[in-house]
Structures are given as C-alpha cells and as structure tokens.
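Student: Per Swiss-Prot, the features are:
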- G170, D171, R172, Q173, T174, G175, K176, T177: ATP binding site (BINDING)
- T257: phosphothreonine (MOD_RES)
- S363: site 'Required for activity' (SITE)
Amino acid sequence: MVTIRADEISNIIRERIEQYNREVTIVNTGTVLQVGDGIARIYGLDEVMAGELVEFEEGTIGIALNLESNNVGVVLMGDGLMIQEGSSVKATGKIAQIPVSDAYLGRVINALANPIDGRGKISASESRLIESPAPGIISRRSVYEPLQTGLIAIDSMIPIGRGQRELIIGDRQTGKTAVATDTILNQQGQNVICVYVAIGQKASSVAQVVTSLQERGAMEYTIVVAETADSPATLQYLAPYTGAALAEYFMYREQHTLIIYDDLSKQAQAYRQMSLLLRRPPGREAYPGDVFYLHSRLLERAAKLSSQLGEGSMTALPIVETQSGDVSAYIPTNVISITDGQIFLSADLFNSGIRPAINVGISVSRVGSAAQIKAMKQVAGKLKLELAQFAELEAFAQFSSDLDKATQNQLARGQRLRELLKQSQSAPLTVEEQIMTIYTGTNGYLDGLEIGQVRKFLVQLRTYLKTNKPQFQEIIASTKTLTAEAESFLKEGIQEQLERFLLQEK
C-alpha cells in the first residue's frame, strides 16, 4: 500500500508555487474598420502615440499618423492585401527605427534597412531612430572645408563645403543624377562615406547608378537606399529619413558623409498621396500644409559638427525636378529656401551640348569661398567675372554686326572659357587639374586655338603636366596656394605643351 507523505506533497506544492510566474502584460489593441489604398482606419488603440508603429494580425507594420476622436488613421508599410476588416491590431510602443553599422557599406537596402541586393543579411548591433532631431546651434560650427565634386563649374564658381546643403534643381533629363553620382565618384580616397537615396525612380535607373558606382570602385564607401516607383507611398516617404539616419551614424562617429536625395519631388508626391487618403486638408497644389516641415526637418539634419562632437559632417545634395523650368512652383521654392544654395541645370544648355548643363548665372552657393582652398580662390574670381561679362556681351552681340576688336576678343575668350567648363560624365578632375585648366583659360593661352581644339588640348596638357611638371601638383597639394613657384612651373608646362600641340595640329 502506498504511503502518502504530507511533507513531500507540501514540498511539491511549494515548488510549483515558486515556479509560478504571474506576469501581467497590458496590450493596447484595436480593430480594423476599413482598409485600402495603403491606409487603414482603426477603432480602439486608445493609448497610441503619433508616429508609433502598429502591428496587424497578419504581420504588416503600419505607422499611426492621424489620431482622431473616434479612430486612428494608419499608413501601411506594405500592400496590406491580407488585412481584413475586423481583424485585430496592436500598438508596439516603438517608433520607426533601423539597425545601423559599417556592414551597410557597399549594400543596396530599402527604407526599412533590409537588403535588396540578394547578398544576404546585414549584421548590426546598434539601431537609430529614423526621425531624430537635428543638431542644435551649439553642436554646430560654420562650414569651412571644401567638398570637391570634381566638376570645374561647381568647384570654382558654386563651391560646396562639408556640412552644407546644396540643391540640384532642373527639368527631367538635364543630368541632375549625373552631377550627384560624379560627386560620389570624386570622393574616392577622400575618406567620405556616401549615401545615395533613390525615391520613386524606375528600378532600371537605380540599377544603372549602382552598376556605374560598382565599375569604378565607389560602392566600397557608398550605401544605396532605394524605394522604386512601385513601392508603397509610405516607404517612399520614409526612404530619405532612413538615409539620413545611416549618414548620422557615421557623422557622430567623427566621419564625413555625403547624402544625395534623388529626388525630393517624388517624396513630396508620396506624402501628398498619403495625406489626401488620410483626408487631411489640401493646400497649395494639393500638398498638405506641413510639406515644408517634411523637407526642413530632413535637410536640417545635415551639419558640420563642433570640435567637441568630433567635427564630423553630413553634406546633403537634395535633387528637385522642375516642370519646364518653373522654379517658382511650391516644392522648388520650399527647398530653395531651406538649402544653402542651388545648382540650376538648364534643358536649353543641355540640348546645346554644354554638359554639365549648369546655368552659372542663377546658380549660387551661400557658403561661397569659405568652401574653397586658397589656390582655387586665386583663379576662380577672374573666371566668374569673365564669364559674366561674356554672357552680357553675347546677348548684346546678337543685335550688332560690327563689333570692335576688343569686344570680338572678349567674345572669343568667353567661348573658350565655356568650352573649358565642359566635362564628360564619370570623369571628375582633381583640384590641381581644375586649377591648371582655369588658369590656362583665364590667362589667354587658349585664345589662339580653335574652339573645337580646346578640350583636346586641355586633356593633353593635364597629362603633360602630371608627367613632366609633377612639382606643380605637389606644391598645390601641400600649400593649398598657387605660389609664384607653382605658377612658374605651370606657365612653363603650358608654353611647352602649346608649342607641341600646334606642331601636331599643323
């Protein structure tokens, strides 16, 4: 017969009581009232915060944007085809954040920082909020270091500094993306991390950019964030903030970063779509009232940090597309007023064969010569002045047939200077090469050449100086100044090459 031992039973009961873990979890839930067009209306979710992530029963994530008296408007980060009316939704208590690490370099990711290049998962131990506050006034210092784009027209007349925000604006097919990608290519060996954000573009265009960067070894220091035209509006709206969060990660670790938003017109359109579907009141051009804040809070995150924070920087090159050159539309004027200058690309110049098609007359950099080395300042002032005078004379010369010799000479010089600014795509020049090119033009060495010979001569001159007068480049690189010694080396080199070139061409 089995004997029942009371102490054994009490021990078992005591153990069970000790093992019992009474956990109470409070879950904030709601019910789907309506879903469609990337928007869901939820009843309940009483404690939800603006911008909080919510999770649907079948796994789709959304962002609570509209907090109304009797329902919550949620934008979906996916197609939401499996969400049903009456299904449950729970608030996650988190706001949108992404993992960040050095492992993202060389990868193509989407707005949620998931890889889309088929090369496996990315390991990351840290995470950053997609929307984080911009550095304050005390955290910044003024822009003083140049960020070279490799394009003569920009580096000499519309200089960009590290920590600046410079808008690239122009009609479709005027070379806006080409200017941005050339700038990325020129950062090779400059210890600058680049982030290229493609918003609402064709997948083929993004693939073309990635291939071009890979072929030239630029993907090693570049991250591509891509949300193509078929992505949900929510993800197109988030993509620039994801790019900014990745760039900030490097900026706060005392590194220099360059971020390109291509383009913000498409992000504004995605935001307009979301806002109209959420029944927010439309304003000018049917954009919502806070579309200025959409871009200002993004672009204010670009900064040159103070020495206490390690002097990291984030330079932003936002791109905006205009419709037949109309700079006074809503989005262009907004972004022009937020940025520190703009590079205006003209369809007329592009079609007449001037590439990059930069309209120097209405392009401006509000940082100015603070973002140039001394040697560039020495040669660029004269170039700017002569081109401005040439533009004025050219307009006047159309009405007059008999021009005096001085005017004819000035027009001839201007045409050669304009030729000197032309550059092929994906062929950025170093600062030293730019300085020698500008010096050759502004000091009249090209005046004796035919316009068609100018570019050929300059290519040969750059090669000749590199091999036969390396001292010139060494002096510029070490002193950052066009010294009398450097100038004499340059003059000798130009004279020698000019004689050789004229003999060849005879």
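A Cβ is built for glycine as well, from the same backbone N, Cα and C atoms used for every other residue.
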Student: Determine, from DSSP, whether K176 (ATP binding site) sits in helix, strand or coil.
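Tutor: Going by the DSSP assignment, K176 (ATP binding site) falls within a helical segment, counted as helix.
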Student: Give me the non-local Cβ neighbours of S363 (site 'Required for activity'): same chain, 6+ apart in sequence, Cβ-Cβ under 8 Å, ordered along the sequence.
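Tutor: Residues satisfying the criterion: M157, I158, G341, Q342, I343, F344.
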Student: What whole-number Å value do you get for the CA-CA distance of G170 (ATP binding site) and the residue listed as 'phosphothreonine'?
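Tutor: A Cα-Cα distance of 24 Å.
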Student: What are the other residues, in sequence order, whose C-beta lies within 8 angstroms of the center of the C-beta atoms of G170, D171, R172, Q173, T174, G175, K176, T177 at the ATP site?
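Tutor: Filtered neighbour residues, in order: E321, L345, A347, F350, A357.
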Student: How many whole Å apart are the CA atoms of T177 (ATP binding site) and T257 (phosphothreonine)?
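Tutor: Taking the Cα atoms only, T177 (ATP binding site) lies 18 Å from T257 (phosphothreonine).
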Student: Which of these binding-site residues has the least crowded Cβ, counting other Cβ atoms within 10 Å: G170, G175?
Tutor: G175
Student: When you measure from the Cβ of D171 (ATP binding site), how many other Cβ atoms are you left with inside 10 Å?
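Tutor: Its Cβ has 18 other Cβ atoms within 10 Å.
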Student: If you count other C-beta atoms within 10 angstroms, which of the recorded positions Q173, T257 is the most crowded?
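Tutor: Result for the most crowded candidate: T257.
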Student: Select one residue from T174, T177: among these binding-site residues, choose the one with the most other Cβ atoms within 10 Å of its Cβ.
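Tutor: Compared across T174, T177, the most Cβ atoms within 10 Å surround T174.
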Student: If you run the three-state DSSP split on the residue listed as 'phosphothreonine', which class comes out?
Tutor: strand
